[in-house]
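Working notes, beginning with the structure itself.
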Amino acid sequence: GRGIGSGAGHSLLPQGTCFSHARGDIWAHGQHPAPPAPTSSAPCRCSRVAPHKRENCGFPGITSDQCFSSGCCFDSSVVGVPWCFHPLPKQASEECVMEVSARRNCGYPGISPEECASRKCCFSDNIFEVPWCFFPMSVEDCHY
């Protein structure tokens with residue numbers, strides 16, 4: 001962070017500010033009201049981010065409303081990782097949103113987007129050395 005918390009290993013609780021600010025509405029009660037649906041993120045783009053892979057999108061003590069209004073995801077259920085974090089990249093459909101490591105190959109090297117679509121699979125060729133044509137995942141597990 002800027003200024004506060006630049007000491008080694010104290011980015012989550014810089015000088016107690018995050019703890020004291022967030023204590024009342026997050027940690028003490030353990031529950032927080034359901035946030036309004038973020039406008040720029042879909043549920044799979046948030047809930048499918050592995051906690052250890054979250055990239056910080058906020059600041060210590062950010063509220064869920066502030067986080068969502070920045071177009072980011074908020075989840076305070078995992079301790080020791082950012083609670084406000086960037087969503088996964090948008091895909092053609094929600095079923096295609098997943099961590100790269102979750103992709104199950106549905107094609108072959110060099111498959112065309114059209115051939116992939118004819119197999120009812122997802123296509124994304126922006127990352128090398130991973131399947132570009134991959135099976136979709138049910139969105140039933142996705143949530144905010």
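If you go along the chain as it appears here, the first residue is 1 and each next one adds 1.
Heads up, the Cβ atoms here are built off N, Cα and C, so glycines get one too.
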Notebook entry, point to check: Which one is it, CYS96, CYS106, CYS133, CYS142, that TrEMBL ties to CYS122 with a disulfide?
Noted result: CYS96
Notebook entry, point to check: Counting distance between Cα atoms, which of the disulfide-bonded residues CYS84, CYS106, CYS121 is nearest CYS96 (disulfide bond)?
Noted result: CYS121
Next item on the list: Measuring C-alpha to C-alpha, could you say which of the disulfide-bonded residues CYS57, CYS67, CYS72, CYS84 are within 10 Å of CYS133 (disulfide bond)?
Entry: none
Note to self: Counting by DSSP secondary structure, give me helix, strand and coil numbers for the domain 'P-type' (94-137).
What the structure shows: 12 helix, 5 strand, 27 coil
Next item on the list: Quick one: of the disulfide-bonded residues CYS57, CYS72, CYS122, which has its CA closest to the CA of CYS106 (disulfide bond)?
Entry: CYS122
